[in-house]
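Here is what Swiss-Prot says about this protein:
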BINDING   His125, Asp137, Asp200  Zn(2+) 1 binding site
BINDING   Asp137, Glu172, His287  Zn(2+) 2 binding site
DOMAIN    321-438  domain 'P/Homo B'
SIGNAL    1-37  signal peptide
SITE      Tyr286  site 'Transition state stabilizer'
Amino acid sequence: MSLSVSRRLAAVTAFAVAGLFASAVPAALAAPSAVAAAPTPPDIPLANVKAHLSQLSTIAANNGGNRAHGRAGYKASIDYVKGKLDAAGFTTTLQTFTSSGATGYNLIADWPGGDPNSVLMAGSHLDSVTSGAGINDNGSGSAAVLETALAVSRAGLQPTKHLRFGWWGAEELGLIGSKYYVNNLPAAEKAKISGYLNFDMIGSPNPGYFVYDDDPTIEQTFKNYYAGLGVPTEIETEGDGRSDHAPFKNAGIPVGGLFSGADYTKTAAQAQKWGGTSGQAFDRCYHSSCDSLTNINDTALDRNSDAVAYAIWTLGAGTPVPPGQSFENTADVNVPDSPAAAVSSPITVSGVTGNAPATTKVDVNIVHTYRGDLVVDLVAPDGTVYNLHNRSGGSADNLVQTYTVNASSEVANGVWNLRVKDTAAQDVGYINSWKITF
């Protein structure tokens, strides 16, 4: 977390537009195998989060003792996180900017699928101050967001909303990286972000449990999680406007997040309800060389990491696709004899919220004198092909069949096609009708 304006030296910043910015959902995201969304948020393994912290600590130790903007330790931290996400199936974009004469980096990771017009973002700053490794500030938030993203991959989660994760550079110089990202988003892309969740310092050694009160829906989501644990929360005031949610909020994007305290002092009342030591700072090593692996409270880190996942699973679900919405094309399409090219019959789907279900129904009615000649595919709006029929059925005529397709990685709205090809000579037919039901 950066110092407030009154408590830090003014950061002299020179922006330079460099490289691509990750403003939009990539046009063609290669989705992993489609699986049904996990029914409940997962427990994020504390050991995994701490393993990421250990890696960040080692990176700092090998690069002058810190992971600050413009230093080798920061770029190595970005490379570590990016490698994990690339291996897990995310589409990553490295965004560059210039501040204080040095190149800075933001890392954006998009999870395939979800409604591209309704994006849920979660992020944290990855840089430290120059005086230390920054394990709580903000290795803790960065590691929790990373492990939650990896949990999304492990679950094959396909929520209604599109999921995007961000790791920001040069936060400690005045929110430079996140400002750069937001300022370079076109207005249309900003409008697609339904919420941004920020996690900055969530493993403080003398922790409190603070919830941002900016957006009421996001705030209540976190409060519901902690109520389920029987842990009271307070509204976060110490870092208000001092972390990477501020540029999003200033752009009119709903924001929320968690915080476990920095250099404010824990009161007796707070110690009574949360434990810990009253009269001491929530983090006595804030912006100091002692912000190391020993500067983490495991209970706070574990609870807050689980809260990150709870919010992603809950807020990402959005409004489920109403069952039973059907779209049909009854126009005849001739299927020419081999070796002619395949033919397609389109259906335009609109007004459906989110993704197609894992049990998408496709009803096919093809009149043909030899169905064993036919290859029939469902082609999704993004071009993904789902094979329905591949030359089976022998010499029987006509293909009248209902298929169940796991299309949960596909946005429902758009143009779907039934594609049919005759692969052998002497028989002909036509597509009589077909229907897709969500």
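Just so it is clear, glycine is given a Cβ too, placed from its N, Cα and C backbone atoms.
Remember, it's a predicted structure, so these values are computed and weren't measured experimentally.
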**Message:** Taking 10 A as the limit, how many CB atoms besides its own sit near the CB of Glu172 (Zn(2+) 2 binding site)?
**Reply:** 23
**Asked** Cα of His287 (Zn(2+) 2 binding site) to Cα of Asp137 (Zn(2+) 1 binding site): how many Å, rounded?
**Response** 7
**Fill in**
Cβ contacts within 10 Å for His125 (Zn(2+) 1 binding site), all chains included, total 31
**Fill in**
Taken over the domain 'P/Homo B' (321-438), the predicted model's pLDDT averages 88
**Counts by DSSP class (helix H/G/I, strand E/B, coil) across the domain 'P/Homo B' (321-438)** = 3 helix, 62 strand, 53 coil
**Complete:** Listed binding-site residues His125, Glu172, Asp200; those within 10 A of Tyr286 (site 'Transition state stabilizer'), CA to CA, turn out to be none
**Asked** Same-chain residues six or more away whose CB lies under 8 A from the CB of Asp137 (Zn(2+) 1 binding site)?
**Response** Met1, Ser128, Val129, Asp200, Met201, Ala262, Asp283, Tyr286, His287, Asp291
**Fill in**
According to DSSP, Asp137 (Zn(2+) 1 binding site) sits in helix
**Item:** Protein Cβ atoms within 10 Å of His287 (Zn(2+) 2 binding site), excluding its own
**Value:** 20
**Site with most surrounding Cβ atoms, counting all protein chains shown within 10 Å, from the recorded positions Asp200, Tyr286** = Asp200
**Request:** Looking only at C-alpha atoms, tell me how far Glu172 (Zn(2+) 2 binding site) is from His125 (Zn(2+) 1 binding site), rounded to the nearest Å.
**Result:** 9
